[in-house]
Amino acid sequence: MEITLALIKPHVVRNTYAMQQIRALISQNFTVLDQKEVCITKELSERFYAEHKGKYFYHRLTSFMNSGPSYALILQSEACIQKWRSLLGPTKVFRAVYADPNCIRSLYGLSDTRNACHGSDSEESALREISILFPEFDAAVGSRQAKREEA
Ligand code: CDP
Ligand code: MG
């Protein structure tokens, strides 16, 4: 069992219909270990997206993430990281619309930056991102629980 961090970005949190659809998709595909609305400050957003520091979209991205509440979830399933990322679809919405018209970014993304949701890209990033947004979450306890459920 794997865990990942899903983050629903601010423009989607303001859209009740989109939230309902995305949460339904999540509950059909994953176990939710924890979830909460979170106001991502500029500082938190800069830490979260530190790997993109210096890129031309960094300021635009970190300001957008600070523009209203986001919704964070810790998801669990087999191959969860890849599964959530394939439900998201390509990073760039204009590509998503052509490549996968029913993916989340295609349906609810508005632009390269406002691309609806985030998903961790590796086990290491998942743990790093979960520790930023859920500092109280104990990944070791989460994985022991998953092993018990598998047994
Ligand atoms: O989110 P993902 O891992 O698919 O893409 P990324 O390359 O790690 O980029 C992180 C985030 O930066 C994206 O989800 C977009 O919100 C934003 N971004 C942007 O604003 N403009 C770009 N040209 C590329 C990414
Ligand atoms: Mg990424």
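For all residues, glycine too, the Cβ spot is worked out from N, Cα and C.
Annotated ATP binding in TrEMBL involves K9, F57, R85, T91, N115 plus, out of the candidates R47, R105, the residue R105. Taking DSSP states H, G and I as helix and E and B as strand, the domain 'Nucleoside diphosphate kinase-like' (1-141) has 71 helix, 26 strand, 44 coil. Counting every protein chain shown, 22 other Cβ atoms lie within 10 Å of the Cβ of H118 (active site, pros-phosphohistidine intermediate). The Cβ of R85 has fewer other Cβ atoms within 10 Å than any other of the binding-site residues K9, R85, R105.
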